[in-house]
Amino acid sequence: MSWLQVKVLTDEAGAAALEQIFEGLGALSVTMLDAADDPVLEPDLGTTPLWRNTQVVALFSADTSAEMVREQLERNQIAAADIECEVIEDRDWEREWMTHFHPMRFGSRLWICPSWGEPEDPNGVNLLLDPGLAFGTGTHPTTALCLTWLDSQQLQGKQVIDFGCGSGVLAIAALLLGADHATGTDIDPQALEASRDNAERNSVSEGLTLHFPEQMPEMQAEVVIANILANPLISLAPKLATLTLPGGSIALSGILKDQEEAVAEAYRNYFELDPTEYKEDWVLISGRRLPY
């Protein structure tokens, strides 16, 4: 079976209008992607994350006329150069994903590896993932920054909190790197289920506890990590500081370069901050909890 796929490059202001146009033309699905094909981070409640350069992708049945779709888009002031139409064949998408997911190294020890292949470094710390359980695999710069930071820490025997855990990759990496216990929290039940499945695949289920934020017990940990977004991080500064033991370490990401100072300012009263780490347009802010 084949499909007509139509892609349009736009900005965040035009994405919602395009979605309505595509739905009016009978699209079977409409997806919004970062033009760089980066995955979605955890958004603020009730919001849809859009990027400065957004690609809107619509899927139609094969008998849909590409010329008709083009004509309607151009009537709505969409430049012809921004429209891409392609007939795609139905595929085994799981196998397609498998061909593109290769081992990735973070720091000196840590690897993210597909579970069906041989580890690149049998003596390394290998975190195994499968299709369907792998959102937050390390391909996004913020995840990569967090994984590299974890690899640089001395985690043996420590408690770790992964606040906004998503697929649990950061908590699981901490356990594989020697942490005694990790606590993950997320507002999304699917994220908690993915974390549970990924922990089981990596044989660290006994060391991982998962909670919705409102059900999280009063606790403190030597290491706290939060890869969410800048605005939630700013509002959560008192909470995350309370979760971090005096002298403990924190790492924060999901922060764009132009948001760095606002996030850092929210945490300076609680932490002695390290030099910021950068990857592409994203940053990681880390530090140690002050004793007061």
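Glycine is treated like the rest: Cβ placed from N, Cα and C.
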Co-listed S-adenosyl-L-methionine-binding residue [Swiss-Prot; alongside T143, D186, N227] among G117, G164, G248:
G164
Hey, does DSSP put N227 (S-adenosyl-L-methionine binding site) in a helix, a strand, or just coil?
strand
Just report the maximum Cα pair distance in Å for the recorded S-adenosyl-L-methionine binders T143, G164, D186, N227, no decimals.
16
